[in-house]
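Lifted from TrEMBL, the feature list:
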DOMAIN    B:39-68  domain '4Fe-4S ferredoxin-type'
BINDING   B:C48, B:C51, B:C54, B:C98  [4Fe-4S] cluster 1 binding site
BINDING   B:C58, B:C88, B:C91, B:C94  [4Fe-4S] cluster 2 binding site
DOMAIN    B:79-108  domain '4Fe-4S ferredoxin-type'
Amino acid sequence: MSIDKTEELVLNMGPQHPSMHGLFRMIVHLEGETVTEIEPKIGYLHRGIEKLAESRTYTQFIPYTDRLDYLASPHNNWAYVQTVEKLMGVEIPERAEYLRVIFGELARIASHQVMIASTALDIAGWTAWGYAFRDRERILDMYEMTAGSRLTVNCMRIGGMSAEPPAEFWPALESFLDDTPEMLEEYYGIFFGNEIAQGRLKNVGIMPKELAENLSITGPVLRASGVQYDVRKAYPYSIYDRFDFDVPVRYGCDSYDRTIIRMDEIKESVKIIRQAIRDIPEGPIMAKVPKVIKPPVGEVYHRVENPKGELGFYIVSDGSTKPARVRIRPGTFVNLQMLPIVAKGWKIQDVVAIFATLDAVLGEVDK
Amino acid sequence: MFGKGLFQGLGITFKRMVGPNITEFYPEQKPVLPSRVRSSMGLQREKCICCNMCAMACPNGVIKLTGEKDEESKKRVLKSYHMDLGRCLFCGLCTEACPTKALTVTQEYENAVFEADDMKWDMIARAERKGKEG
Amino acid sequence: MENKELLKQRVEELAGRVNGEVEEILGTLILKVQAPYVTETLTAVKSFDDVPCDFLHDLAGLDLVDHLEVVYQLTSLNGPQHLRVKAIVDRENPVVDSVTRIWQGADYLEREAYDMFGIQFKGHPNLKRIYMWDDFEGYPLRKDYETEPIEIRNLVRQRIDGE
Amino acid sequence: MQTLNNLFLIIAHFIRSLFADPQSVWANLTMDVINFIIVVVIIVLAALILILLERKVAGWTSMRTGPNRLGPRGWFQTIADALKLMGKEDVTPAGADKIIFKIAPMIIFSLPMMTLAVIPYGNHMAPIDLDLGIFYFLAVSAISTLAFLMAGWGSNNKYSLLGGMRAVAQMISYEIPLLFSLLGVIMITQSFNLGDIVKAQHTIPFIVLQPLAFVIYIIAGIAEVNRAPFDLVEADQEVVAGPFTEYTGLRWGLFFLGEYGNMTAVSALAATVFLGGWQGPFLPGWVWFWMKVGVIIFFMMWVRWTFPRIRVDHLMHLAWKVLLPLSILNIFLTGLGIFIYRLVMGG
């Protein structure tokens, strides 16, 4: 036996692996601990949602959108119903628009909390994980009292909202917003400010701006690479043009910036919700839409700023009650392309951290 | 200074260690869910007019119901009402479609069963059983 | 809107060169070209003067029964311009040039379109199925793909001896 | 008070007095067996209590109650877990190197037994009073590296192998600052005997004289027992469970016992060398000793549930570029101090 022969170690991580989010699998080629090649394998959660849409009516498809990015389900509802409304030319009531913004931004906060928690967990910060999930619980309670479900909220309908928030919703929302600075301080103290965590994340997994643009990266991952681009500002959909908020941008291009930019976004979301609470008018929450939704023949592409990247819906209608084609452009599916490119050459534990900062939700990646 | 963050973290965890905890003692203390929670469905048989709106609203074909015409009152009466919970998304579209609010969401959340066949709910039998218990 | 006028002018110029059709649906310009012109069209679109649509937002297949289409949603990070380019692909022999050389990000999207519609992207570095398993037969999102009814799918497959 | 302090000595004396000749071979043998049983009981008890305490601390830091089902406030949880582990199937992977796979957990478990045998639990209460106590302790605890590598190699699993390799790299690196941090104390006391070191701390514990060494020792000690933030060996986010991936049932339980036994041993050495061992006012010596051990163990748990895991190159960086130079500096400063002390005292 010769000892001067070296061999690559091919390691199969996932779909059952403690650090893989959902059912992600990657085949990692290792040289010692250094990663030479990564092949992501997805599809373990593929449910064929695009195919399902073709045999469901427009309204019946709304609950399925919950199951895309299940950590921010109001956002998926929102993107879908807005696309259908754009196709049909429906104007929805003011109050419903404000409620949608409130729910969407709450979903953004909840999603970012999960992202911070899971990134902390992937670098073994167990307690930080608990704190972020504790605070997310309050948002879920708010969903629950309004729409009746905690995860797959299904709170929007074509033409408005499914339900008016109950009276106890508003104080709960106010107290949550009041507590956010304290929460963020706590996350910072236990996770971002920790030198060990900074060592794990800073200058790891550099994704330069040019690469990010070329790879069609969107969302916070793009903004952490120094591109100031947010659909809410660039193409204000819904009523985002009425709010005063900033688009946080970071220039580090590394794992740390991809993580901490979510903290900045939570701050901006709180700002938006406060303005929405101030301005929300009284009125109906449902526009007059026909009972049977039958959009005219045509096609429309609409995108919204999902917490994890841009979510786009491309709907082709043939004039019947069922869509001819629903194309879902999931943000994290496209963002995932950076992993094999960026993570090459790093240690195996850095790959885990880089993957965590992508904030991939396999419900959205696999559709 | 290097190490400041470490001590800050230790301080936070120590504060939480001596502070109160927020564990819910679930089987001993059952949470009271808000009245909109869609954790199971309940049927009031006498309100149902067998219009089939719920079955048509359902994205997954969970609901199967049959009705027959009552000779005296000339109204359709519910004969059978089955839900296949194994395919239910708990989206609540059926309850929204119901014109008489015969089908409503209920807050029973302990729906776990041992056999797959137990997921096929006979809603009329459930309603009667609930009537007896309550 | 000045930007939009400018884009329309550029797109119409380009359409003349690549035998394309321009239409507008719900405020979005759509440029339809035949499959062989895709690389030329998209290279030109990416480097339009003043209104470059240089960000590949989405790439998707579309089955229109008599032919397939590849739909490219193009935007820019620096301006409000957005454009939809459609490449008409033959249904029997669906071959189109890969755009991975223009945008690296088209990689997974093209694999998905291949997986779901069977569109062959010429020049793609790794054209394999992405969602379905490798020996899966058929292309699920084509209109002629038959899905099994739930009753058949619910049957538990019997284990063959020796498996 | 004096009776309570010497409780165990009195019992030992009583057992010896049962023999015709209290210093005969048979009496010594009996005492050795009893000491052995005591050490095993200490390890098992420590593991039972510490595993529960760990889970409680984990719960408290994240605002939970921790285990609360079995017994009063969940204090019988570990016993139930141990019983469950005993009932599990013992699986040996098909491609495993069977002998090595089976020996590894036994070695891990035997090491804390060997190291805890030389710790003075009270005045004259070391089960074995070795003159080369510290030296023996460090030499034996270094063997655990081998056991981790055996487990990693024997499992025939890639994750286990990666974990085993990490264990070797990490533990050998941290062995050196650990040893060097203790050298200062040895220079002052001029003895390797742990009993002598404790007695030398009659006036002030060495943590006052050697604060730098204490910090280095604690950091290197945590790394030596593979606990967070240095738990790269069993980092479940990266290598699933490292060398333990393929182990089931009682063999896995032995690893756990070994881990907590090692933790107790490292804390016991810290208490002995730096915190004055069994010396303390009012309370009996052995109570003081276990209280000091408990404080260090609690600190280790507190750190574990606060810090994320360190990066692998930072780990090596810390060992070779920070701790090692610092511990050498400490030795130099100690030598200088002793020199000046002798000059002043005219020794």
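Each residue, glycine too, has its Cβ placed from N, Cα and C.
DSSP classifies B:C48 ([4Fe-4S] cluster 1 binding site) as coil under the three-state reduction.
DSSP classifies B:C94 ([4Fe-4S] cluster 2 binding site) as helix under the three-state reduction.
Counting same-chain residues at least six beyond the ends of the domain '4Fe-4S ferredoxin-type' (B:39-68), those with a Cβ under 8 angstroms from any Cβ of the stretch are 33, 75-85, 87-91, 93-109, 111, 121, 123-124, 126-127, 130. Over the domain '4Fe-4S ferredoxin-type' (B:79-108), the average per-residue pLDDT in this prediction is 85. Across the fold, the C-alpha of B:C54 ([4Fe-4S] cluster 1 binding site) and the C-alpha of B:C88 ([4Fe-4S] cluster 2 binding site) stand 13 Å from each other. All protein chains included, B:C94 ([4Fe-4S] cluster 2 binding site) registers 23 other Cβ atoms within 10 Å of its own Cβ. Comparing Cβ neighbour counts within 10 Å across the binding-site residues B:C51, B:C58, B:C91, B:C98, the minimum falls on B:C51. Of all the binding-site residues in the list B:C58, B:C88, B:C91, the shortest Cα-Cα distance to B:C98 ([4Fe-4S] cluster 1 binding site) is found for B:C58. Around the Cβ of B:C54 ([4Fe-4S] cluster 1 binding site), a 10 Å sphere holds 24 further Cβ atoms from the protein chains shown. Residue environment of B:C88 ([4Fe-4S] cluster 2 binding site) contains 20 other Cβ atoms, counted within 10 Å of its Cβ in all protein chains. Nearest Cα neighbour of B:C48 ([4Fe-4S] cluster 1 binding site) among the listed binding-site residues (B:C88, B:C91, B:C94): B:C94. When secondary structure is read from DSSP and collapsed to three states, B:C58 ([4Fe-4S] cluster 2 binding site) falls in the coil class. Cβ-based neighbour count (10 Å, all protein chains) for B:C48 ([4Fe-4S] cluster 1 binding site) stands at 22. In this entry, B:C91 stand out among the binding-site residues B:C48, B:C51, B:C54, B:C88, B:C91, B:C98 as having a C-beta under 8 A from a C-beta of chain A.
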